[in-house]
């Protein structure tokens with residue numbers, strides 16, 4: 001791969017509106033570029049992130065201590081809106097990429113590339129192409145999967161399943177990897193690889209959900225670069241639709257309506273907390289509510305435009321560049337609803353039967369020393385992180401809201417908590433937020449700024465980044481639970 005030009009070419013992914021789709025059908029050679037939007041995010045005004053970074057010396061210390069690139073990249077800048085979480089994130093990522101472990105350093109970065117490619121995340125691919133070469137990786141491997149050792153290629157199946165349908169992973173997939181003669185994986189190596197795959201699938205969700213901009217590359221003339229899918233359609237470029245302009249357009253939904261939505265949400269949260277004290281819901285009723293929510297998630301269409309975004313004419317077509325496709329096999333394989341229409345007996349992962357705390361943590365720690373502690377700290381940090389605020393309101397208990405976000409992600413992956421009332425999900429998560437969650441979690445490359453702007457319009461960008469952190473960690477934990485359960489079954 002040409003390192004100097006890879007960012008430009010690999011970012012050439014567009015979510016197309018109807019008119020642009022028609023144009024591209026006539027001339028597929030179209031190539032459009034625009035100046036980068038300023039700042040680390042195409043969704044968040046630069047000044048909000050810069051102010052946070054300037055005010056917090058802790059961020060700079062963490063970058064010096066744990067950054068593999070040695071600089072304050074755009075992901076870190078956006079995450080620095082939540083410095084407590086950032087420390088847990090950087091420590092765990094640094095450990096899996098740079099500290100002692102079963103896998104060679106270059107292999108770790110190549111696995112990160114393979115994971116990011118499942119979601120066409122050119123930002124992460126470009127980052128780890130550089131890291132792969134810096135750690136002594138063989139440049140020829142960057143020509144595509146056919147140039148890498150068969151042992152690495154054998155990860156394709158589990159990479160594909162983890163990224164899109166982790167519930168399909170079985171002990172047979174594990175056995176195939178650990179019993180393949182000279183190309184076999186040891187269990188510690190496989191656990192390391194699984195942790196990396198899950199981490200970078202989930203991180204791709206954060207990149208797209210937060211509108212992370214490509215890193216500025218002084219080698220690109222005039223500051224031009226092909227824009228990534230997460231921000232705009234190509235027709236926005238001709239109309240000079242910047243982040244400021246699209247933010248103004250989003251305000252047309254109505255400030256009064258959004259204020260009413262906020263008050264209504266807070267009232268529902270308060271009522272749920274009061275009702276829980278007198279709750280006598282049976283276990284059977286909770287199971288019924290889970291099945292209902294699981295089936296209803298079928299009708300939450302990712303990237304949905306007709307119902308949730310009436311002023312948008314986006315369609316689902318995405319152009320995948322060769323720079324991305326060289327790192328994946330079976331590119332058409334994607335997320336499929338766990339609860340498919342027409343199925344009566346839907347297999348469910350009961351969280352109580354295989355929990356992270358009681359099963360996954362001990363297994364991963366036994367086979368890949370200490371990573372379990374770091375991941376556990378990160379999961380707990382994001383789940384419990386709160387400033388007791390909602391938009392302009394203070395002293396608010398957001399526990400029910402955070403739990404609903406986390407459990408809704410797991411519900412879409414078929415994971416049920418027996419002690420959770422899934423009726424709370426419908427009461428707390430509005431339809432536009434459900435569309436956003438499903439898109440970011442299951443089809444992150446389809447995320448647009450309009451989706452980001454459409455939900456919780458009175459909330460701060462910091463609060464929306466917090467949502468993205470919850471979605472990212474919920475997704476990573478779901479992938480790990482399925483993979484580690486399969487490894488456990490292989491061992492027993």
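Every residue gets a Cβ built from N, Cα and C, even glycine.
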Annotated companion of 386, 387, 388, 389, 398 at the L-leucine site, Swiss-Prot, chosen from 463, 473, 479: 463
Site with most surrounding Cβ atoms, counting all protein chains shown within 10 Å, from the binding-site residues 389, 398: 398
Rounded Cα separation (Å) that holds between residue 386 (L-leucine binding site) and residue 121 (active site, cysteine sulfenic acid (-SOH) intermediate): 29
Rounded Cα-Cα span from residue 121 (active site, cysteine sulfenic acid (-SOH) intermediate) to residue 388 (L-leucine binding site), Å: 33
Maximal Cα-Cα distance (Å) across residues annotated as binding L-leucine, namely 386, 387, 388, 389, 398, 463: 11
Neighbouring C-beta atoms (10 Å sphere around the C-beta of residue 388 (L-leucine binding site)): 10
Shell list (L-leucine; ref centroid = CB of 386, 387, 388, 389, 398, 463; cutoff 8 A): 390, 396, 466
Mapped DSSP class for residue 387 (L-leucine binding site), helix or strand or coil: coil
Conformational class of residue 463 (L-leucine binding site) under the three-state DSSP mapping: helix
